[in-house]
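Single-structure report; data block below.
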Amino acid sequence: MSETALAKTIEREVARRRTFGIISHPDAGKTTLTEKLLLFGGAIQMAGTVKSRKASRHAVSDWMAMEKERGISVTSSVMKFEYKDYEINLLDTPGHADFSEDTYRVLTAVDSALMVIDCAKGVETQTRKLMEVCRLRDTPIISFINKLDRDGRDPFDLINDIEEHLNIECAPMTWPIGMGLDFRGTYNIATKTLHLFDSNRGDRIQEGTTISLDDPRLDEILGEQAAQIRDDVELIQGAANPFDKEKYLAGKQTPVFFGSAINNFGVQELLENFVELAPAPFPRPTTTRDVAPTESSFSGVVFKIQANMDPRHRDRIAFMRINSGRFVRGMKVRHHRIGKDIQIKDATIFMAQDRANVDTAFPGDIIGVHNHGTIRIGDSFTDKEPLKFTGIPDFAPEHFRRVRLKDPMKSKQLHKGLVQLAEEGAVQLFRPLINSDYILGAVGVLQFEVIVARLKNEYNVDALYEPVALHTARWVSADDPKALDSFRDKYKGDLALDATGDLVFMPNSMWRLESTIERSPEITFTKTREHN
Ligand code: G4P
């Protein structure tokens, strides 16, 4: 293909890519909505196919059950499907508060987000946290208020709730007619179309009926509710913010849709608007410059690693988001952190129920690359210019455990298991300078249970935890290597190396941290660390 033809192809492919994540508080309907979106995209034929990943937010036992299922129906953390002329990549964002670090990193790989809110509950804690993450990058967000077939809060109240608690302007795109048993459908404010709800058609696409508000037939169809919707629409048109694409793209305004995912209601309308409104891949920052997706040179960054995705193959997959150019199977790319060229022969693309070998992929697409331990979260790959994508951090853990083996003969397996599981980034592994302990650090405590269960299940290692008197962790560095050396000598007992060999200060109290910072002006202490 000539240079110009390639440039044209890339431009066209970028324009039709939509890469997004769904954010919501557990139970708001993320799984159901995901499934319905896949249904509309033709990626699955029947509802009930996508196994819920919600187990991960409850107990370890649920999590293990989910793992078992994983080998059979590949519930991937990335799902690709087509809708009309669009190629959509849906990235799963784990819902539990404990997974926030992982979620944060997944959200670095999306171009926009879809927020699901339960109409009875409004904004919940997890919605708030995820929204904070989105705000860090001004990610554009479309909102879907779900479960209108159940009694919920007044729609005006819900809009206020979002505006107040999530600090984002709302632009209603549709408006519900009644709720719960009285739910009759939605009114599309832009197209002035009434979509009537039929509760028996949850498995099918519900067609809208076009009817204007002053049409007398509206009274026949809706009875008393006709007056209500007329009043509501008048109110919204007077009081609500009109949709403003610029504001939406800047993450300052969220268009709001109402519906019922389980009944398929409002989902197609949502999807249709989503593909039109949501942004295609946009330029991504590196340490040297912003990289535009339409550049013809290939570049990509790994934002997630998962070990043992398929228990039958014991593989470790690095999820790479393509940021520019075109990926072609078998291409050679430079792995910049280790300074080596690697050939990607068998990258995988993830569909709802399957994975397949990928021949070509474009910016916005996520490919799975087999990882034999050389790839880490944050690694950048290009075919020419050395680039290092930024914005994928590690966070200082707040909980710590010392790992102990039940069977000392298994120390090799323990080491391997811990290193591989820590690669996924949900826990961090530290080795103190003064002994050979394994210290795990996590942002949320559920991770510890998960790791012990996975050590047993995937590595056949019985391990247990001991409490350890550590309070927090800070990465330490200094401009003057001598200063770092003397700091290392002086505080040996409080220092450890993380999995990448970086020095970490791990004090047993806040007081010790503060006093050490005060006494060590030449040392920089950081709470987050960019992967390097
Ligand atoms: P999550 O991934 O956000 O955690 O939510 P999920 O889709 O699993 O939905 C949570 C519960 O809400 C499920 O019920 C689901 O069926 C229900 N639900 C989702 N969308 C709607 C809707 O539009 N209307 C109503 N009435 N319910 C909805 P469950 O009883 O917890 O599970 P299940 O046994 O139905 O699977």
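Even glycines carry a Cβ here, placed using N, Cα and C.
Sequence annotations record features per position, and here TrEMBL assigns GTP binding site to 24-31, 92-96, 146-149. According to TrEMBL, the domain 'Tr-type G' annotation covers 15-286.
Mapped onto this structure are the features recorded in TrEMBL.
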residue: S24; record: GTP binding site; CB count, 10 Å: 24
residue: D27; record: GTP binding site; CB count, 10 Å: 17
residue: K30; record: GTP binding site; CB count, 10 Å: 26
residue: T93; record: GTP binding site; CB count, 10 Å: 25
residue: L148; record: GTP binding site; CB count, 10 Å: 27
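Taking S24, D27, T93 as the candidate binding-site residues, the subset whose CB lies under 6 angstroms from any atom of ligand 1 consists of S24, D27. Within the model, the domain 'Tr-type G' (15-286) shows a mean pLDDT value of 84, rounded to a whole number. DSSP classifies T93 (GTP binding site) as coil under the three-state reduction.
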